[in-house]
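Structure record follows, encoded as structure tokens.
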């Protein structure tokens, strides 16, 4: 049975979360009202997973996450309100080592959480299975610039990135090291709640030489630009011409129980994009992305996957690899170089 530590400054929320987890078959072995108490509790009860509030007195969730990852790495699920402030703080906590996030419906003191019991239990179990040390503090190998006499980048390439649990840091690392001269159009699908994807796009934009924004219905991008799929919306490539692509957003049925789905974006890109196409699937649980990788491969695109050793959860890459359509499986620090290599051409 999975053993959990529940950390929240609200006694009400500690009780609600604990009851939901216990009813769902998770053993709550301890609770704490702030980050400082959480540090002691982690040592005492050694849980499999921690649910961590963001805003708490004495020591908040960001500080606590950083300390826990330094002293006793443990999978952490950030449980935060759907606010801009909490979204920023949660993404910072994930940068410090938290694995994933669960959005409290209705605010910091959520009376609606019991209506999302199954989702919370599933998130806790998913995070408990993650390797909290995989892929952190990675120094990306920068892509080598093309040799002016022997090679150059192909024209109008498109890069597709799909990720779930443990993905935000990896996506940011790839974007931060992606060479501007490659001039990719970038489409990113990260399983993440609405309200969070806008802030995630802002972080990627700040870290990258590419102009990254959250997708809107009808968004168009060209070289050097990228879109993050909006939370709770599928992102489909609806048109492609002269190196510019257009996307449409919709709230059609969830695929693999998620929206946005990696497969929706990858398959639509494979159908529409007529110039070089590269896909990479990263850490996460489930099979989303496998069909999309197959579609990209069938369309003549390059396909890459993150390896098990650097994946917090290896489900998504593993399912894609099992299709037989993945060209290369690499540690996270080698992915940017491989992405760039896939569009080099000899002159």
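Just so it is clear, glycine is given a Cβ too, placed from its N, Cα and C backbone atoms.
Worth saying up front: this structure is predicted, and the values here are computed from it rather than measured.
Feature list (source: Swiss-Prot):
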DOMAIN    3-119  domain 'Response regulatory'
MOD_RES   53  4-aspartylphosphate
REGION    132-154  region 'Disordered'
DOMAIN    152-346  domain 'CheB-type methylesterase'
ACT_SITE  164  active site
ACT_SITE  191  active site
ACT_SITE  288  active site
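Each residue in the domain 'Response regulatory' (3-119) gets a DSSP state, and the totals come to 55 helix, 26 strand, 36 coil.
The separation of residue 191 (active site) from residue 53 (4-aspartylphosphate), Cα to Cα, is 20 Å. Cα of residue 288 (active site) to Cα of residue 164 (active site): a span of 9 Å. Within the same chain, the residues at least 6 positions away from residue 191 (active site) whose Cβ sits under 8 Å from its Cβ are 163, 164, 165, 167, 258, 260, 284, 288, listed in sequence order. The predicted model assigns the domain 'Response regulatory' (3-119) a mean pLDDT of 93. For residue 288 (active site), the count of additional Cβ atoms within 10 Å of its Cβ stands at 28 [all protein chains shown].
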